[in-house]
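Some features that Swiss-Prot has for this protein:
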{"type": "BINDING", "residues": "D896, E897, M898, G899, L900, G901, K902, T903", "note": "ATP binding site"}
{"type": "COILED", "residues": "702-745", "note": "coiled coil"}
{"type": "COMPBIAS", "residues": "17-29", "note": "compositional bias 'Polar residues'"}
{"type": "COMPBIAS", "residues": "101-113", "note": "compositional bias 'Basic and acidic residues'"}
{"type": "COMPBIAS", "residues": "161-173", "note": "compositional bias 'Basic and acidic residues'"}
{"type": "COMPBIAS", "residues": "175-186", "note": "compositional bias 'Pro residues'"}
{"type": "COMPBIAS", "residues": "304-318", "note": "compositional bias 'Low complexity'"}
{"type": "COMPBIAS", "residues": "407-419", "note": "compositional bias 'Basic residues'"}
{"type": "COMPBIAS", "residues": "420-429", "note": "compositional bias 'Basic and acidic residues'"}
{"type": "COMPBIAS", "residues": "552-563", "note": "compositional bias 'Basic and acidic residues'"}
{"type": "DOMAIN", "residues": "629-759", "note": "domain 'DBINO'"}
{"type": "DOMAIN", "residues": "883-1055", "note": "domain 'Helicase ATP-binding'"}
{"type": "DOMAIN", "residues": "1457-1607", "note": "domain 'Helicase C-terminal'"}
{"type": "REGION", "residues": "1-66", "note": "region 'Disordered'"}
{"type": "REGION", "residues": "101-200", "note": "region 'Disordered'"}
{"type": "REGION", "residues": "303-342", "note": "region 'Disordered'"}
{"type": "REGION", "residues": "390-446", "note": "region 'Disordered'"}
{"type": "REGION", "residues": "458-588", "note": "region 'Disordered'"}
{"type": "REGION", "residues": "1680-1700", "note": "region 'Disordered'"}
{"type": "REGION", "residues": "1740-1765", "note": "region 'Disordered'"}
{"type": "MOTIF", "residues": "1006-1009", "note": "motif 'DEAQ box'"}
Amino acid sequence: MGAMDDRRYSYPPPRTSYVQPSTHPSPTASDYRYRSPVLPQHPPTHHSPSSYSASLYGQPKEDPAIAYARMREEMRTAEEARREAEALEYRRKRDMEFAARRPGSELMDDPRRIPHSSFPRSQMYGPSADQSRVMPSRNGKDYISEPPSPSELYPTDEDTERLPIDRYRRDIDVPPLPRQLPPPPSEIGRMADRARSPSAPIAPPLLKVVRKRTKVIRPNDFLVGNEDVWEDGLIRYQSKREDEVRAIAQWAASCQVRNGVGEPSLPQTQDESIKVRKINGDIATPTNKKKRKSRKLNLDDELLGLASSPPGSPNAAAEAEKSESKHHIYGMNGPIDPANPPSPSTIVYPSGLTRAEVIAKCEAGDVEGLTEDDVKAVQDEMWMREKAAQAAENGGVLPTNKDGTVRRKPGPAKGWRKIRGIDKKKETTPGKAQSTTAGSVAGSVADEEAEADIAALLDDSIAKKGKKVKRRKLEEPGAESPRFADAEDEYNEHRPSDSVLLDEIEDEHSRAGSVGESNALDTLPAASAPPKKKNSKTKEPGVGKGRWTRPTKPEKELVKKAEALASRTSKASLAGPSDDTFGVGPGPAEEVQEEIKHEYAPNTHDPRGVSENEAKIRHELVEDLQKQAWSNIVRDVPRIYRVFQGYDQSMKQIAQRRAQACVRNAFGQRNQKTMQRQSGKVNKEGAAKAKRIVKELAAFWRKNEKDEVIARKKAEREALERAKAEEEARETKRQSRKLNFLLTQTELYSHFIGKKIKTKEAEAAEGMDVEEEEKRGMEEIAIGEDGEPLPDLDYDEDDEENLRKHAARGAQAAIQAARDKARAFDDSIVGRGAPLPGDDTMDGDELNFQNPSLGENSVTITQPKMLMAQLKEYQLKGLTWLGNLYEQGINGILADEMGLGKTIQSISLLAYLAEHHNLWGPFLVIAPASTLHNWQQELARFVPRLKALPYWGSPKDRETLRKIWSRKNQTFSEDSPFHILITSYQLAVQDEKYLQGMKWQYMILDEAQAIKSSSSARWKSLLSLHCRNRLLLTGTPIQNSMHELWALLHFIMPQLFDSHEEFAEWFSKDIESSSGGVTGNLKPEQLKRLHMILKPFMLRRVKKHVQKELGDKIEIDLLVDLSQRQREIYKALRQRVSITDLLATAENNTDNGNPKNMRSLVNLVMQFRKVCNHPDLFERADVVSPFVFGEFSQSGNLAREGDGMYLPDSARNAIEVQIPRILWTDGGKLDIPGEQSLAGSDTKILQNLLNIWTPEWINERTKCADAEFGFVKLVGSSPGETSRSAKSPVLVQLLEGAEKERRWTEEGRFVDDSEFAASVKKGFRVPSVIPVLTQPGQVSLREISRRVWDESYLSRDDARCIGDYAIAPIVKPIASNRSFLNAQDRILNQPLAHSTLYGLAPSELHDPLAAEQFSRIAPSVPLTGLIPSSASSQTPVSPLHIPPTKRLIVDSAKLARLDSLLRELKAGGHRVLLYFQMTKMMDLIEEYLIFRQYKYLRLDGSSPIAERRDMVTSWQTNPDIFVFCLSTRAGGLGINLTAADTVIFYDHDWNPSSDAQAMDRAHRVGQTKQVTVYRLVARGTIEERILQMARGKKDIQDVVVGTKSVSDVAKPSEIVSLFMDDEELAESVAKRKQAEAHGYIAPTIIPNGRRSQFGDGLVLDDGEGDDGFFNAAAAARANAEEEEGLGAEEESKGKGKAKAAAAVTFPVPGEKRSHKKGMGKKAQAAAAAAALERVIAGNEEPLAASKPPAKKKVKIALGPDGLPL
């Protein structure tokens, strides 16, 4: 592309073409822009490399590389010659064009002239652009390589005088003035405009006007570069600009007034001078100086003339030439070389003074007229002089850097702040003499250039984006305001391009060129630049990174006003002379001044002199050139590719020939075949040996690397293990210290609180041993009275004393916090106007940790008088304990065993507070939904003076109730509308925001195990309620783990029990492992400390210690064997369980295992539990029937109705036939009257004429031969009897026939015709009355056969086969007519036939009148009908098969045992509570109870609250109810069922606390009978092991609460052991010993990727019995639903998910599976048994299974009998 760009300039100028004229501001001129057509492109003259191939071939001895290099050199030389020729041709053409367009003629008269205005030159067009671009030249000189001389740039006087008056001014008569000072070109342009107007007289060619202050454009604004794009328009524009520049330069040079010595007219800036010196090599370019990157310009902006360039000297070329020729006179600013300092006569720019003069002015403090660059140029030399003087005084040592160089002065110029102060003094002092050059144009330019750096802008227009420009606030309020660039508004930016030069000079301030002075800006108040807040981080104007900056928006507004004021001031200055300028003569000059004041139209062109249309044209030209370039590239690429392809082929041929020549020269004429035969054998052996050596080396190094890796890994592993062991030892020691600290702190707190509230005395009872507390003196606490600060607590140190002091202080803080909280609550109650409680016994202030012996000050409470009951001794102690809790302001847990009266004790506490402390509320009681009514009844019964408000029901009802208790600022007294609010847990969570608005005196949580999960929303919501004290009532404080105990303890004392991790570190792991039979490290002293910590907060008594009159509780386990059907299904499940998969699942389901695997395992457990309960839970033996094509209506319960139920009309065919109307109503039926019918004609026509069954017709036809009624004579019937029989119904015919046969049998003669008698059917035959003669005492044969048939299975209804696979009712016609429906019903349902078949109705059987009437209608038919009286074999087979009810009992062993047990209990007068885990099992039991006709009640999670209350009341009051069916979770909480004396658990819970609560519903206070508890357990199944696991959990509770010591309790370590019975375990152990005797070692099973998990094939439908043991979240949701009556417990949530367990699939283990070659099935079983034994024994962790082969999925299909097929 570079060659193509250079080549474009060598072509002759093409023909130009006009385009659309652009808008011009002058109304009389039309402006045409020229655009260049597409230039023709010559193909490049590349020399193909193939042209040199011939010469290469002719010189075989010459190196091809040398030839190719020579070829490339020749090509490069030819290309350079061509470029030089093109450049010379271009320069010649440009000289001719410039000569043809002189400014004297064409510039003035051309109507298409481009408006003149000064704009900065683009960077891309300047000398700093790409140097390969050919620049225009003039007079044979290139501006880049050879700068023009001053004579070429500065016009002569003759050229100046030839400048015409501006054509935009009207002509005026101006007398010639003395030529003292030439006018600026702007004034000349205005005069020329007036001279061209038709009415104006001829004006002299030159008008000399002098302005006091003005600004000039830069002389170096050439628009050069890419002239072939813009063509003639750009050429004329450039010619005009060059002429204007010459005129301005000459005029400015002649305006030098009072110049200083050696002061140049237009000095260079410091940057330009340094740049020239760097080019000339005078100074070295520093390498460590970071230069700021300039902003890159867009090519489109450059071509459109919208790019700006940094300012430069107006005559940069001339000054560059002068600098080059006279460098010794006009030296450049730059760094000082201490070894070779600059001459004092060197000129300093931009001031133009010598270095000596500048230094003298700076030292004298007179820096007027100097800029920052001037001061910077000499500051180093001044600093060195000063340091040299100091060094002379100190011994001649200059300050140097570390590298030995002389240190320079850093920072800005020394006199810069002085300059700012002097400028201010200069501007503010009236009458002070101005600068010597202030009155001249050149002086103005020089001053403006000097002030440009001083008034540099605050914002840098080319600064990096995002870089913050630091600014400095002016020190004095009257300081000089900064100048801003680009501050013109849109009006000034779009002024006409042909406006006078004065306006252009005024607009100069708004561009990125030279910025001069502005009196308007100087006279603005200092407020125009608002002061910054931080002076230390701001910079003064002109000290920024860029030379010119851009002002902010507020500053732009000020500059706009300043520019307008400056314009008016500048114009006004032309009206009269001043002291520093030559005056203008009177007369016409005044008119000129008036014209100068004229306001011109706004500018509408681009600021650079390019209009919008011209910019569009330029943009189109750019696009055309780009398209042309790309088209040339696309055209030339294939050709160049072919050229280089040919060159490549030629080079390949040369290389090939050269190789062939080398081969020929190397071997010569020797016989190559002989050498090959001799070397073949050697090469073959050498190759083999080399391969073997390489293989051995590779093997050696592989082994070596492997050994190194193994050794390195071993060393790293050992180092890691050592580091881990050390870290574990440190962490163990640290945790031990932390545990000791926490225990000490809690012990001190518990010790004091326990003595205050007397927990020990409350627990003491007859027959109960209470351990003496260890005396602990307060001297051990070591808390100083002075309160000196203790050292920081560090658990890594061994300072036990410091730990104990911190623990004591922490306990004291906790006590103080409890005291402050209670006091604050009481103060808030008093502040609301509540009555002061009688706090005679309250000693909150005495709660001092330093005085622990306050036992004598504790409160002794008697029974309240308002309590309408007599408390027992242990209950009164419990009331005293609760009262002391309130007195001390702490919370507690009343954990008495279920049935000891926790409710009455809490009620008595509320009565005590109301009676002794005058605290009538508000109290909040939260209980499960099933006990809400019980609480309401107990409060109304025992404390009628306390008003209880039940808060439950619909949202609307609760909103009404809230109006009662949620009043603001209400006080509570005996007359208050309520005292106690009773609600459930679910409603408390829902209405939390309302309950938080009240401050409750006491909050009582009944059955507090409902908040055992600290992560539940219920726990968090209740913890946030505002209450003074909390009391938790629970019979089982320990549920599943110690985590639940921590949740309760944190709820009552969050200050101490604030971290569950710490609590678990204390006790959880040790106690749980100890109760599980695993060796734990729970020490007796730790257990003792745990009891001591829990004792003050928890009061627990058991029944055997405190209630002597309460009857005993006997628990009996009833072990049953599975039925045949259960055994088959259980065996089928076991066969599909692999022991290997069992162990793998156990290994994967650790605490951090996969939850999906855990869910699969638990689901498999639930399948086994279903089998043990009842096989119908898998698939119910449903009613079986053929496919019926029809619809059925709703019917009753088929199981209850029995086999005699028959609904013939319940079925209806899906096909319906619509009868046309004409067939029934419009004459179709002869017996239906109508308008067009023939009613009455049926008697004549149908009954007589068309009836063949009339007696006359029969009699007539019997006389004819071959007549159809010939049989009448044979059967012995008369024509009348035959006619009557034909017209009678079928049933009447059958009855008459049966009666005739009976008479004939009884009265007729004997006929010896065996064949005829055998062929007669015996259906519906009436038993014979003829006596059968038999031997006396013998049974007749008929009776024997009947009895055998009745006792056989084939006689049963369920054994009779169904003949059809599909049946369909009859298709009934349909007509929309009432009479049609009545007739149809009368025909289908004949009363006579119905009565004969089914007999009389049950209500008419004993009615003599109905019996007599029935005998007349149907003689010899029993009153019960033919079907009930006939044998079962004669009745029609029913298509509906209903399973017998007895099968429901027989198929389940547990239900069969329950059936016999209930018979015994019913006979003994007992009443039974029957508990279940599954609601579907409760449905089956309901059918059984209905079958046995036992009266029962059912309560589960779906029972509403109101029904629960009614059911409990009915059970307690109605002794006729024998069985109460309950779910363990819904019916085992807080209800009193003491009317029962027997409890039966059909299946038991994972959680032993749930079963304990359930059985205590009957064994509680008020029970006078002995309570017997039965558990139905299937022997040898998973249920037996689940029961053992639950009892192991019960031991945790006993260990924690102190009723049992640490001991080994039998518990399986893994759930896997649940699936193996004792026999299998013993057999596995024997096989393991046998395998070990043969040398077998059990393999290590390593997990490999994703295995087929245990129970993957099962349908994850654990709705039946997922009681939440493994899923705490599901259990919590189930509890919530049960409590609120929102649905059944967790097992009911699975309804509808899985229809039957017959579709459950299981993985089938592969037949070919062995972990070791030659290992058989017995060895595998022995190995698995050995591993399982080690797991159960706790000596080894369970091993994972290797990845088994793919398994098939099989489906268990159950047959009609319920057994697997």
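In case you wondered, yes, glycine gets a Cβ from its N, Cα and C as well.
Where Swiss-Prot records a feature, it is marked here on the structure.
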residue	record	Cβ contacts under 8 Å, 6 or more apart
D896	ATP binding site	G878, K902, Q905, G1035, L1099, R1100, R1101
E897	ATP binding site	G1035, R1100, R1101, V1102, K1103, D1560
M898	ATP binding site	G1035, T1036, A1556, Q1557, D1560, R1564
G901	ATP binding site	K872, Q875, V1565
T903	ATP binding site	N934, W935, E938, D1006, L1033
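Mapped onto three states, the DSSP output places D896 (ATP binding site) in coil. Residue counts for the motif 'DEAQ box' (1006-1009) by DSSP state, with H, G and I taken as helix and E and B as strand, are 2 helix, 1 strand, 1 coil. When secondary structure is read from DSSP and collapsed to three states, T903 (ATP binding site) falls in the helix class. Within 8 A of the CB centroid of the ATP site residues D896, E897, M898, G899, L900, G901, K902, T903, the other residues of that chain are G1035, R1564, V1565. If you average pLDDT over the domain 'DBINO' (629-759) in this model, you get 79.
Cβ neighbour count for K902 (ATP binding site) (all protein chains, 10 Å cutoff from its Cβ): 26.
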